[in-house]
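Chemist: Here's the feature list from TrEMBL:
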SIGNAL    1-27  signal peptide
REPEAT    67-100  repeat 'TPR'
REPEAT    101-134  repeat 'TPR'
REPEAT    333-366  repeat 'TPR'
DOMAIN    389-457  domain 'J'
REGION    453-480  region 'Disordered'
Amino acid sequence: MESSRRTLCSLSLLCVLLDIQLEGVLGATHVEIEHHLEMGRKLLAAGQLAEALSHYHSAVEGDSKNYLTYYKRAAVFLAMGKSKSALPDLTKAILLKPDFLAARLQRGNILLKQGNTQEAREDFEAVLQRSPDHEEARDQLMKANELEELQEEAHATYHQGDYSASITVLERVIEISPWDPDSRELRAECYIRMGDPQKAIQDLTPTTKLRNDNRGAFLKLSMLHYSLGDHHESLNHIRECLRLDQDDKECFTHYKQVKKLSKQLDSAEELIEQFRFQEAISKYETAMKTEPKIPLYTNLAKERICFCLVKLNSALDAIDICSEAHQRDPRNANVLRDRAEAYILNQEYEKAVEDYIEAKEFDSEGERNDLKEGLERAQKLLKVSKKRDYYKILGVGRSANKQEVIKAYRKLAQQWHPDNFQSETDKKEAEKRFIDIASAKEVLIDPEMRQKFDAGEDPLDPESQQGGGGGGHGWPHHFNPFDSGGSFHFKFQHN
């Protein structure tokens, strides 16, 4: 008996102690919850949303039966632009307190913006059932009804092929439900069918965040960017698709194509930067075979091959390719600039001037110094060529090296030496030609003088050198063998 009594007393004491401890724990938890709610409120008011959310997380964990904590956390999610995260909290708050009208109204507003007219209408009607004079709920219910009608009209006009009318209706649809991916995707499809891929991209881009696992949008965005020649952006989007599902067959097939082409185009540009122009040409020719269907990539390849041929001093080939590139893309200032340089190489200065003038017309803001400087140089060369063109005198190209210049000089000097002619008229003409031939040789074998001539300035023309004065043909270094009055005996200089 004594033993039983002692046991009962011990159990009773333990129960009392447990009750005391439980009360202490519950009391502390309540205090902590209030602290988190207060801190959340202050941080939310201060705009420190991430910190406020952290405190509301703790408050919800501490008391999962308090509808207000869910509602307040939903408010933070909304402030952060995370409406999808706010919805479950609002739903939980309504489950805990079915007559909580503020939560129902807020959830209805989110559902309406998401384009979910049926569920939004149910929330607005529930608010009006308990509060018939609720003005906001009545207005939003009218919007839900309007939205439903507009959605039906947009789909009807789309299926009838009236894409312009569908776009007009969808503008109002998206105004009411900006978080609805379906409406944006439908309008994007309308833009695609109307041939406006840029606007389609603008509509599709936000849908990748509005819809979970939107691989279809990433694939379509990738294909649109690819069709516009933006292979880098295309590659970025298709990689996002594969991040969501690496086994997606459509995305993987497109990824292989984009990656292959993008690698070839990037490699070609790297070769140009390394002055390996012939290899760059080969790489661009390969890229055209990789993607023969989309004109933009062929246009790009032709443009860059044109540029490379100019750098390789292949004037005639450059003119042919540049002309083809110009025909494919008439408003491309780069192609016109490069063809102008090819014409300069081929000593067709008037055509070079014409191309530079046309290229400048497409530089509406006048910001391209390369076009301005190129035009000035072409105009100088044209002016000089009407006096003396040393390349034409010797019959060599602008890319001729020193040995080629000397070889041409020797041949012409033998042909036009005055001693080869008998009559006084022929001898004077030969003297004039011989002076020009010797002048041409002196200018073109001297790097400094040749550079001046290539820039459109005649280094032997007093007018060009001094900005005026007498003209006429000068002898290199002011030495004229015919001024001595005696018989001149021709002798080669082996430079």
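Even glycines carry a Cβ here, placed using N, Cα and C.
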Chemist: Which residue counts does DSSP yield for the repeat 'TPR' (67-100) in the helix, strand and coil classes, in that order?
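Modeler: Looking at the repeat 'TPR' (67-100) with DSSP, the answer is 27 helix, 0 strand, 7 coil.
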Chemist: Under DSSP, the repeat 'TPR' (101-134) has how many residues in helix, strand and coil?
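Modeler: Across the repeat 'TPR' (101-134), DSSP assigns the residues as follows: 27 helix, 0 strand, 7 coil.
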Chemist: Could you tell me the mean pLDDT the prediction assigns to the repeat 'TPR' (101-134)?
Modeler: 96
Chemist: Would you list the DSSP helix, strand and coil counts for the residues of the repeat 'TPR' (333-366)?
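Modeler: Taking each residue of the repeat 'TPR' (333-366) in turn, the totals are 26 helix, 0 strand, 8 coil.
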